[in-house]
Amino acid sequence: MTTLADLRTNYSRASLDAADVNPNPFVQFDVWFKEALDAQLPEPNTMTLATVDESGRPSARIVLIKGADERGFVFFTNYESRKGRELAHNPNAALLFYWIELERQVRVEGRIEKTSEEESDRYFASRPLGSRIGAWASEQSAVIESRALLEAREKEIGARFGENPPRPPHWGGYRLVPSSIEFWQGRPSRLHDRLLYTRDAASASGWKITRLAP
């Protein structure tokens, strides 16, 4: 039997220093994301989204990032799903990107806001037809008796809307507006590099960079 405690990797691909990063964390994220794309990593656009319920119990799931700029990080989902309900109660959330092949993580913390109706409409219209139908067919996170019922619902929605299903009112975008963004680079002997960006109105870039102990 595999002994989990014995599984370990010594990271040594790169280093991370404040003198070498961009003072703007969104620019730095774009640099790292492009490097993940260039490395042809499988689905570098996946990220873990962590939320909490009314009792303070956390939950996490993988979602896909669909936009990142100076305003924040965007993803789309069902507003009535578990994550949607939790975000309605508590808009504080965290994101985690993990690019294991590059020995890198990016941690983002902040508050969630909904994107505009126009932004949600625009992205929904760009989705494949099957995904647009699925947004109507699935009552995400609800208990269902069988997959057959889900597939029957899919056929019903397809027959109703044809090639042009509109965006459901319960489906749309969220934007995480970050208060902090941490860049993590694996290093030998577990002495990893960690640079934390936090908002700082006195800084020319609007952000302060500090180094954290690993």
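Along the chain as shown, residues are numbered 1 onward.
Yeah, the Cβs are placed from backbone N, Cα and C, and that goes for glycine too.
According to DSSP, Arg190 (substrate binding site) sits within a helical segment. Sequence annotations record features per position, and here Swiss-Prot assigns substrate binding site to Arg8, Thr9, Asn10, Tyr11, Lys66, Tyr123, Arg127, Ser131, Arg190, Leu191, His192.
Taken from Swiss-Prot, the feature FMN binding site applies to 61-66, 76-77, 82-83, Gln105, 140-141, Trp184, Arg194, supported by sequence analysis. In the three-state DSSP assignment, the secondary structure recorded for Arg61 (FMN binding site) is strand.
The closest partner of Arg194 (FMN binding site) among the binding-site residues, by CA position, is Asn10; the full candidate set was Arg8, Asn10, Lys66, Arg127. Cβ neighbour count for Ile65 (FMN binding site): 20 (other Cβ atoms within 10 Å of its Cβ, all protein chains included). Cβ neighbour count within 10 Å across all protein chains ranks Lys66 highest among the binding-site residues Arg8, Lys66, Arg190.
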